[in-house]
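Engineer: This is the feature table in TrEMBL:
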- 475-487: compositional bias 'Basic and acidic residues' (COMPBIAS)
- 59-460: domain 'Major facilitator superfamily (MFS) profile' (DOMAIN)
- 475-496: region 'Disordered' (REGION)
- 59-85: transmembrane segment (TRANSMEM)
- 97-117: transmembrane segment (TRANSMEM)
- 150-172: transmembrane segment (TRANSMEM)
- 184-205: transmembrane segment (TRANSMEM)
- 217-235: transmembrane segment (TRANSMEM)
- 269-289: transmembrane segment (TRANSMEM)
- 310-332: transmembrane segment (TRANSMEM)
- 338-357: transmembrane segment (TRANSMEM)
- 369-388: transmembrane segment (TRANSMEM)
- 437-455: transmembrane segment (TRANSMEM)
Amino acid sequence: MVEAGVVHVEEEKPDFSWGSIKNYFKTRPTTLFQLPETHVSKLNPLPGLRAMKLKHWNWYFLGFFAWTVDSMDFFVVSSTAANIATSLGVSITDITWGMTLVLMLRSVGAVIFGLASDYYGRKWPYIACCFMFVALEIGMGFCQTYKQFLAIRSLFGVAMGGMYGCAAATALENVPAESHSVLSGLFLPGYNLGYLLAIVFARAFQDTYKEGEGWRSLCWFTAGPAFILLVWRLVMPENDYFLKLKAQRQNQETKTFKENWAEIKQACATHWVTFIYLIFLMSGFNFMSHGTQDLYPTFLSNQIGLSPDAKTVLMVVINLGAMIGGVFFGQITELTGRRLGIFIGTICAGAFTYPSFMLKIQSGLMGSAFFLQFCVMGCWGIAPIHLFELSPNSYRAFSAGLAYQLGNLASSASSTIESTLGSQFPLPGGLYDYGKVMAIFCGCIFGYMLIVVFLGPEKFHKSLDDIPSDDLMEKVRSNDSFHHEPKPTTQQQETV
């Protein structure tokens with residue numbers, strides 16, 4: 001059913017009959033190129049932005065800045081790793097293990113806070129994550145031993161894993177449907193903004209506490225933004241979608257923990273195919289970003305020989321390209337749909353792969369890497385709303401958050417894979433040809449993404465406001481992967 005450009009999906013149990021499976025794969029090419037709109041006016045983001053009222057912007061920025069703070073707190077360690085290692089008397093490799101712990105434990109946070117968000121509301125899990133950020137950032141500034149550092153970073157992983165689902169739900173559930181694409185495009189690049197803030201503040205707080213221990217001041221400072229978000233969220237009510245869901249649940253009999261757990265297991269049994277697909281999709285997304293970004297600073301300094309200042313300028317320019325690309329590709333999906341938008345972005349990223357890693361001059365690298373990240377993060381800009389549209393409404397925060405974090409975990413070895421492969425391509429002077437390795441690695445990942453997106457489902461403009469039926473688990477509210485909902489055309493919207 002199509003209403004004002006929004007698709008209300010009739011949810012049903014998956015059909016795994018041979019005929020259904022055969023029909024699904026038969027329709028992959030046609031549905032990929034089935035445009036939801038044919039008028040270029042849909043490329044204009046202004047109507048979607050004009051639909052936003054003050055209350056909508058309030059909700060959106062609550063989610064956006066939470067995601068930015070999440071990113072900034074993560075990159076605080078990578079931007080000051082050398083100083084932290086010196087202060088704690090360990091190697092930089094030991095400090096990077098703390099970063100790995102964060103990635104490993106994010107999935108734990110996604111499960112805990114995702115289920116809490118879907119059952120108890122978006123507000124208090126969000127506040128709990130912010131409180132953990134405040135307490136842990138302050139605590140990290142007082143770390144005196146490596147064990148204390150690892151313990152705090154482990155808890156950071158739980159908080160960061162929980163924040164994505166809370167932040168994305170807060171940002172995107174409460175805004176008009178016509179604004180989803182452009183705002184989804186802006187949401188994920190908040191991660192790049194967090195990276196830039198971490199770099200800027202790391203330079204600003206250098207040697208402010210003691211010589212070589214400015215990272216402590218940086219940690220105490222970064223507790224501030226999280227505290228502001230905590231207070232901001234405290235004075236705001238629960239969001240509209242969950243209030244409607246809560247009212248619907250209050251009309252039902254109170255369920256025991258055992259009954260709630262049975263519902264969760266039933267939802268997993270119903271949506272397992274879609275969820276596995278989301279993990280494969282998000283693994284590809286994360287491999288794209290990690291594969292093009294993690295070793296790039298090392299490539300610039302070791303292989304190209306850029307000075308620290310030149311490298312910083314180039315990385316800032318690249319991240320600006322990423323942020324612009326997210327907004328651009330997010331909005332372009334109003335014309336192309338989600339799958340085709342990701343497909344186009346991936347092909348364009350492949351076109352900029354060779355010059356981004358094989359050129360030897362700074363100006364050439366800056367331009368090509370700008371557009372490489374423009375395309376990579378352009379694809380990422382589509383991810384939040386695509387994830388939400390494919391996730392069951394009743395378990396949206398849990399499904400989207402856990403799929404994202406499991407994909408992140410799968411790709412956490414990207415830099416290790418690239419550095420190991422780099423040792424197979426030695427250069428004179430004891431260096432390694434990381435550029436060639438990253439180009440090969442990214443080519444493989446882009447090919448993988450094209451296959452996954454081509455074979456995947458899409459629920460373009462699925463309503464995010466639909467409330468579960470009275471008996472949620474007897475008729476679980478989500479199309480499965482083998483019931484692809486066609487994208488509504490302009491003609492359909494006019495006739496409904």
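Positions of Cβ are set from backbone N, Cα and C atoms, glycine also.
Fair warning: this is a prediction, and the values are worked out from it, not measured in the lab.
Quick one: where do these features end up spatially?
Structural biologist: Long-range contacts of the transmembrane segment (217-235) within the same chain, counting only residues at least 6 positions beyond its ends with a Cβ under 8 Å from a Cβ of the stretch, are 62, 65-66, 69, 72-73, 76, 80, 123, 126-127, 130-131, 133-135, 137-138, 140-141, 201-202, 205, 208-209.
Long-range neighbours of the transmembrane segment (269-289) within the same chain, counting only residues 6 or more positions beyond its ends whose Cβ lies under 8 Å from a Cβ of the stretch, are 13-14, 346, 349, 376-377, 379-380, 383, 387, 390-392, 395, 399-400, 403-404, 406-408, 410-411, 414, 442, 445-446, 448-449, 452-453, 456-457, 476, 478, 480-482.
Packing against the transmembrane segment (369-388) from elsewhere in the chain are residues 168, 171-172, 180-181, 184-189, 192, 278, 282, 285, 288-289, 292-293, 296, 314, 317-330, 333, 338, 341-342, 345-346, 348-349, 352-353, 356, 396, 399-400, 403-404, 449, 458, 464: each is 6 or more residues past its ends and has a CB under 8 Å from a CB in it.
For the transmembrane segment (437-455), the list of distant contacts is 25, 28-29, 32, 277, 280-281, 284-285, 287-288, 291-292, 295-296, 299, 339, 342-343, 346-347, 349-350, 353-354, 356-358, 379, 414, 417-418, 421-422, 424-425: same-chain residues at least six beyond its ends, Cβ to Cβ under 8 Å.
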Engineer: Taking only the residues in the domain 'Major facilitator superfamily (MFS) profile' (59-460), give me the average pLDDT of this model.
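Structural biologist: Within the domain 'Major facilitator superfamily (MFS) profile' (59-460), the model's average pLDDT equals 87.
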Engineer: For the transmembrane segment (310-332), which partner among 150-172, 184-205, 338-357 gives the most CB pairs under 8 Å?
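Structural biologist: Against the transmembrane segment (310-332), the leading stretch is 184-205.
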Engineer: Applying the under-8 angstroms CB criterion, which one of 59-85, 97-117, 150-172 scores highest with the transmembrane segment (184-205)?
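Structural biologist: Highest pair count goes to 59-85.
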Engineer: Which sequence positions outside the transmembrane segment (150-172), separated from its termini by at least 6 residues, show Cβ-Cβ distances below 8 Å to it?
Structural biologist: 59-64, 66-67, 70, 73-74, 77, 97-99, 101-110, 112-114, 116-117, 122, 125-126, 128-129, 132-133, 136, 139-140, 143, 180, 183-184, 187, 239, 384-385, 387-388, 396-398, 400-402, 404-405, 464
